[in-house]
Amino acid sequence: MMNEHFDVGIIGSGPAGLSAAFALKAAGKSVVIIEEYLWGGTCPNYGCDPKKMLLGAVEAKQQAEQLVPAGLTGSLDLDWSVLMRHKMAFTEPVAARKIVGLDEAGIIHRYGHASFIDNQTVKLSEQTITANNWVIATGTQPARLDVPGDQYLLDNEDFLNLTTMPAEIVLVGGGFIAIEFANLAAAVGTKVHIILKGTAILTEFDQTLTQKLKQAMQAKGITFHDNFMTQAVQKQGQRIELLANDGRIVSADSGFVAIGRRGNTDALNLAAANVELTDSLVKVDGYLKTTADNIYAAGDVTNLAVPKLTPTASTQGRYVAQHILGLNTEQIHFPATPVVVFGAPKLAQVGVNPDIAIEQGYQVTEFDMTRWMGYYRNLEPLAQAHIVLNESGVIVGASVLASHADELINYLTVAINRRQNQKDLRSEMYAYPSLGSDITTFLGAAMD
Ligand SMILES: Cc1cc2nc3c(=O)[nH]c(=O)nc-3n(C[C@H](O)[C@H](O)[C@H](O)COP(=O)(O)OP(=O)(O)OC[C@H]3O[C@@H](n4cnc5c(N)ncnc54)[C@H](O)[C@@H]3O)c2cc1C
Ligand SMILES: NC(=O)c1ccc[n+]([C@@H]2O[C@H](COP(=O)([O-])OP(=O)(O)OC[C@H]3O[C@@H](n4cnc5c(N)ncnc54)[C@H](O)[C@@H]3O)[C@@H](O)[C@H]2O)c1
């Protein structure tokens with residue numbers, strides 16, 4: 001069997017694997033990266049980017065509808081199949097572009113399923129690859145409902161490739177994916193059902209704002225089925241039915257599972273390399289080392305208690321490279337990390353969650369921004385924020401529910417990471433009127 005040897009081998013070409021590969025190669029290491037499916041991984045192929053491509057026209061329509069009382073006339077329709085072609089035009093070339101990027105950088109790439117033989121050797125189809133260090137960056141896959149008929153439910157990748165949008169869908173789960181996909185589907189006129197285990201959506205977020213988001217979604221005709229414990233899924237002709245343990249039935253043309261994700265670790269033969277797992281995730285220490293001394297893990301597949309997002313995955317990939325190169329001997333550190341749910345409106349959060357802030361001795365200020373010019377001019381029906389300050393008046397957390405929450409949270413994240421107080425803030429100057437200039441009003445008022 002042919003063998004190739006490298007300084008570093010990387011399994012998985014998502015944001016974590018690629019950022020490690022480029023940083024290691026730039027420092028002169030010989031690097032191989034292995035991918036078994038789409039080069040680029042989840043985010044650009046069946047995650048963040050395709051979703052955002054679909055959102056472009058959806059958001060424009062939603063904003064236009066808000067502006068009818070401000071003089072906008074005419075009606076706009078969304079054509080899902082054209083929207084999908086627009087998305088495909090962006091996503092289809094991704095994998096090929098990634099390969100060009102790897103070739104230009106001189107990073108060797110191999111296609112196929114990698115699994116360990118020992119802590120230095122990986123088997124790939126008809127060859128083996130040895131490396132001094134390995135980086136496991138294999139990401140996650142959708143968790144499945146452990147009930148009969150689960151196979152009838154589709155997943156995030158299927159949704160983001162739908163060539164026609166069904167008239168009625170059911171989404172199981174009340175997290176990021178269900179809320180974002182519900183918004184997309186409802187915008188094109190699909191009847192949407194959401195199955196919740198309890199009553200709350202997005203349980204990691206500010207619950208005052210998530211309740212408002214849930215109400216806004218209900219007002220658009222999205223139906224939440226609270227406390228619905230799915231015990232079976234069945235096919236009825238062309239439709240599917242979800243059966244709850246209390247006898248309720250929800251039926252739709254298609255169903256999608258979005259109940260969280262599990263690590264892509266099952267088929268890696270990690271035991272042969274002495275790499276331990278916690279549940280399906282790779283156990284790592286503060287240096288992103290696994291239980292095998294020469295093997296690291298990075299990105300969604302690790303058991304680190306950080307949000308599983310593209311920026312946190314790339315940060316881990318870059319950190320692993322720096323650590324292997326001996327350029328960073330400190331433990332990995334994450335700055336305040338913004339998380340955004342791209343719903344309608346968007347919900348964003350960073351730093352200390354306002355829900356737990358008061359009991360921890362912080363001060364929380366609430367802002368209804370609907371009468372502020374930036375929101376009022378667009379007749380935003382919902383624009384709210386919570387700002388969390390510590391006892392020294394320094395911003396430590398924020399949550400925002402508004403159509404531009406994704407942009408606003410970036411400014412707030414910078415303020416948190418710079419530990420800004422009122423004086424620091426007032427020394428900044430932003431263009432007026434703009435989202436940035438709202439920041440001075442915002443934080444200035446909270447800090448008064
Ligand atoms: C629907 C959806 C929307 C999202 N939206 C956002 C967003 O808006 N913003 C955001 O920041 N994050 C978002 N995310 C999360 C983001 O996509 C992930 O955090 C990010 O892709 C993780 O990167 P990664 O490199 O750790 O793993 P991945 O991107 O999952 O890459 C892992 C790669 O490893 C490959 N692989 C697995 N096992 C093997 C093997 N044995 N051999 C070879 N290759 C293997 C896989 O095929 C995959 O390509 C979203 C995720 C989903 C599902
Ligand atoms: N905008 C973004 O950054 C973004 C968007 C999409 C996905 N993501 C990433 O992808 C991950 C996966 O998204 P997700 O929505 O699948 O997971 P999630 O962890 O966000 O939410 C899963 C939800 O499903 C619920 N659930 C679990 N079992 C259930 C059951 N049997 N019935 C009903 N509900 C059940 C959980 O209570 C939870 O609320 C996210 O955690 C995030 O890391 C990020």
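Glycine residues also receive a Cβ, built from the backbone N, Cα and C atoms like all the rest.
Note: TrEMBL annotation is automatic and uncurated.
Remember, predicted model here, so these are calculated numbers, not experimental data.
Under the DSSP three-state reduction, ASP300 (FAD binding site) is assigned to helix. Sequence annotations record features per position, and here TrEMBL assigns FAD binding site to LYS52, ASP300.
What TrEMBL records for GLY173, GLY174, GLY175, PHE176, ILE177, ALA178, ILE179, GLU180, GLY260 is NAD(+) binding site. Around ILE177 (NAD(+) binding site), a 10 Å sphere centred on its CB holds 24 further CB atoms from the protein chains shown.
In the three-state DSSP scheme, CYS48 (disulfide bond) falls into the helix class. Counting Cβ atoms from all protein chains shown, CYS48 (disulfide bond) has 16 others lying within 10 Å of its own Cβ. Among the features that TrEMBL reports, disulfide bond is placed at CYS43-CYS48.
Look at TrEMBL and you will find 6-317 tagged as domain 'FAD/NAD(P)-binding'.
Under the heading domain 'Pyridine nucleotide-disulphide oxidoreductase dimerisation', TrEMBL lists 337-439.
Mapped onto DSSP helix, strand and coil, the domain 'Pyridine nucleotide-disulphide oxidoreductase dimerisation' (337-439) counts 31 helix, 29 strand, 43 coil.
Residues near GLY175 (NAD(+) binding site) in space but far in sequence (CB under 8 A, at least 6 apart, same chain), listed by position: ILE201, LEU202, THR203, ALA258, ILE259, GLY260. Close to the recorded NAD(+) site, the chain also has LEU171, PHE181, ILE201, LEU202, ALA258, ILE259: residues not among GLY173, GLY174, GLY175, PHE176, ILE177, ALA178, ILE179, GLU180, GLY260 whose Cβ is within 8 Å of the site's Cβ mean position. In the three-state DSSP scheme, ILE179 (NAD(+) binding site) is classed as helix.
Using a 10 Å radius centred on the Cβ of ASP300 (FAD binding site) and all shown protein chains, the other Cβ atoms total 29. Fewest Cβ neighbours within 10 Å among the recorded positions CYS43, ILE179: that distinction goes to CYS43.
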